[in-house]
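Among the features that Swiss-Prot reports, substrate binding site is placed at SER67, ASN117, GLU161, ASN168, TYR192, TYR243, VAL261.
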Amino acid sequence: MSTPTTFRPVLERIAEEIERTPGSGRPADYIPALAARDPRRFGMAVAELDGTVYGVGDWREPFSAQSLTKVFTLALDLAREGDALWEHVGREPSGNPFNSLVQLEYENGIPRNPFINAGALVVTDRLHTRTGDAAGELLAFLRAESGNPDLGHDEEVAASEAAHGDRNAALAHFMASYGNIDNPVPVLLDQYFRQCSVAASCADLALATGFLARHGIRADGTRLLSRSRAKQINAVMLTCGTYDAAGDFAHRVGLPGKSGVGGGIIAVVPGHCTLCVWGPGLDERGNSVAGVAALDRFTTLTGLSVF
């Protein structure tokens, strides 16, 4: 098993291997503001439990966090309402595309898990009910955990998502018809699009995810979640965090992870460290091609895995 002092050469080796591989995958094109990203960009960061960060490539370049933010809104809402959340969203893999309407009808408006779009909308809705500003609460948390007060929303991305957000609107209206949404749908969608438009770097996001490696403890030493609830989030990340490719990701990488269509993936080694990798080129399931390859190499080279 690797020790933290060997992270830097491991990252450099991974970056060299990724650089030798021709850029593959395509940036998300259904959100026009993301489509222009160069699929050959690559960054990777590892954050130790004490906040020390190692990185390679474009690890300080901000990118659109997108679905990575779902991990943090889930944690913030669980910290407030606890297990009552699970009456409104499940914890099972969906096996369907992340923006699918099909299962919602079969399951009476209860999304399969908090990481598909329908589930994330429910979590954001409930957090907004409890805080009055879910997107603002998320941003404050990310700034505090990353130590970066300059983190913010990419307004171009938020506007682009709003202009092409009919599927998310349909999901929200459908769940509202079952009584599983509290806030007016336009209010919820504005919060959700702002949430997903957060721009952050690999360093920022690796640091922000640290509470999951510290079993619920924030960067300042205060407890956000019980050890049990931190375990729950890690478990749902492992089984549901990479859209309908979660089984393949677990097979290859062996860590709890969450991907986003901005090309980012965050991953957790409980008790050791957290990672964030970014490569805008996506595979057919919406996961970063370079990101999955880099995390695969990381766990192989270091022996750090939950298995």
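Any Cβ shown, glycine's included, is placed from N, Cα and C.
Annotation note: ASN168 (substrate binding site) sits in a helical segment as assigned by DSSP. Cβ neighbours within 10 Å of SER67 (substrate binding site), excluding its own Cβ and spanning all shown chains: 25. DSSP gives ASN117 (substrate binding site) a helix state. Summarising the environment of TYR243 (substrate binding site), the number of other Cβ atoms within 10 Å of its Cβ, over all protein chains shown, is 25. Cβ environment of GLU161 (substrate binding site): ILE31, ALA33, ASN168, PHE193, CYS196, SER197 lie under 8 Å away, each six or more residues apart in the same chain.
Non-local contacts of TYR192 (substrate binding site) by the CB criterion (under 8 A, 6+ apart in sequence, same chain) comprise ALA120, LEU121, THR124, ALA135, ASN168. Counting every protein chain shown, the Cβ of ASN117 (substrate binding site) has 22 other Cβ atoms within 10 Å. Of the residues the record lists as binding substrate, namely SER67, ASN117, GLU161, ASN168, TYR192, TYR243, VAL261, the two whose Cα atoms sit farthest apart are 19 Å from each other.
Counting only same-chain residues six or more apart in sequence, the Cβ atoms lying under 8 angstroms from the Cβ of VAL261 (substrate binding site) belong to ALA28, ILE31, LEU34, GLN66, SER67, LEU282, GLY286.
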